[in-house]
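Engineer: Here it is, the structure in full.
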Amino acid sequence: MVGPILGGLNKLQFFLSKKGGKNNSSKISPRLPARAAAVACSPPAPAAVVHPSPRAASIWIPTSPSPPAAGPRYPAPTAEMAAVVAATVAPEWATKEPCLMGIDEAGRGPVLGPMVYGCMYCARSYHDTLATLKFADSKTLKEEQREELFESLKDNSSIGWEVDVICPKELSAKMLRRSKVNLNEISHNSAMGLVKRALDMGVLLAEVYIDTVGDAEKYRIKMTEKFPGIKFVVAKKADSLFPVVSGASIVAKVTRDRALRNWVFDETAQNMHMTTGSGYPGDPATKQWLEDHKHPVFGFPSLVRFSWGTCKPFFNDAVEVTWESDELEEDAGSNGSVKRQVKLSSLGFTGFKRKSEEIESSGKSRCKFFQARKLELVRKFH
């Protein structure tokens with residue numbers, strides 16, 4: 001089978017450049033908490049921007065996670081992510097009167113960077129005022145407008161908000177594992193997590209408005225069953241219909257933009273840069289970035305979502321990797337000694353030339369250690 005070694009195999013975390021010839025270790029911070037209340041993006045680490053050599057080769061070496069940082073600031077899932085300050089107590093007004101919440105996402109389609117789910121909530125009595133704050137679907141606003149609205153939202157004591165930053169490695173791991181989690185389910189779980197966090201803080205949620213992912217009615221029923229007693233409205237283009245969802249859209253979009261703007265690579269190869277284009281699969285600049293940053297064995301840096309189909313064509317000329325399991329099964333062949341071998345590709349450890357649940361035949365015999373001791377694999381116990 002051909003393809004990169006994916007993050008699910010404890011992906012190797014820093015580069016050894018062919019040019020440099022030295023090991024440059026890079027610590028990895030623990031994974032970002034699934035829910036967070038405020039994002040305080042750190043300034044980007046000082047570094048010279050060098051355009052890549054088309055054939056720059058690199059190799060990743062594993063490192064151990066760093067210990068959690070002290071204080072209220074949570075460490076990011078990797079060094080590139082924004083620092084997050086998690087709220088543990090709801091605003092006083094949110095615990096005394098019924099509240100509305102809007103939920104929306106940013107970064108669902110790109111092959112690069114995190115997917116971010118954001119929510120915004122306010123008291124039901126504040127809804128009419130909210131409609132005058134000029135929140136709109138973030139996709140219809142210029143970056144400067146989004147930033148300005150986000151700052152005004154943060155400064156407004158009558159509004160609360162949360163984010164869930166789902167990093168590329170998490171998306172890839174869930175979508176490529178043997179028991180796959182599709183993007184819709186990841187999205188639904190993120191939305192549920194935002195609702196649960198608000199409830200855990202004591203927010204009196206009465207109504208929740210969500211921009212749909214998949215079938216709107218099925219999504220609404222799913223949320224209602226999970227949180228009985230809350231009215232859920234799930235609709236297409238909800239970010240254009242409901243001001244509270246428009247606000248959530250701005251929260252999610254600005255959070256993702258800042259995370260990408262401040263991204264610091266886990267990998268330390270030479271010639272890496274962030275001139276990625278839009279990050280969407282059809283963008284020629286994004287495709288060129290992928291071409292310039294691919295590795296023939298280990299794939300792409302951790303900025304990339306390996307599970308996107310866009311990645312596969314880049315490994316047509318990659319190093320061929322064959323995974324062998326320790327377990328061999330006897331197959332009742334004509335000579336009674338044909339062995340069958342379970343490939344790790346059937347377990348979801350690579351997205352290339354994988355046949356799910358496949359057990360491929362192999363002529364290799366069992367290890368001599370087992371043969372000499374006449375040890376057999378026990379399948380049934382009586």
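For all residues, glycine too, the Cβ spot is worked out from N, Cα and C.
Bear in mind that TrEMBL entries carry predicted annotations, made automatically and left uncurated.
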Engineer: According to TrEMBL, D104, E105 bind divalent metal cation; which one of D211, D215, D257, D266 is annotated to that same site?
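Structural biologist: TrEMBL names D211 for this divalent metal cation site.
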Engineer: Could you list the residues of the same chain, at least six apart in sequence, whose Cβ is under 8 A from the Cβ of D211 (divalent metal cation binding site)?
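Structural biologist: The answer is I103, D104, E105, A235, K236, K237, A238, D239, V245, S249.
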Engineer: Using a 10 Å cut-off, grab the number of neighbouring Cβ atoms around the Cβ of D104 (divalent metal cation binding site), all chains included.
Structural biologist: 28
Engineer: Counting every protein chain present, what is the number of Cβ atoms, excluding its own, within 10 Å of the Cβ of E105 (divalent metal cation binding site)?
Structural biologist: 23
Engineer: Once D104, E105, D211 are set aside, which residues in the chain still have Cβ within 8 Å of the Cβ centroid of the divalent metal cation site?
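Structural biologist: Same chain, not in D104, E105, D211, Cβ within 8 Å: I103, A106, Y117, G118, I210, V213, A238, D239, V245, A248, S249, A252.
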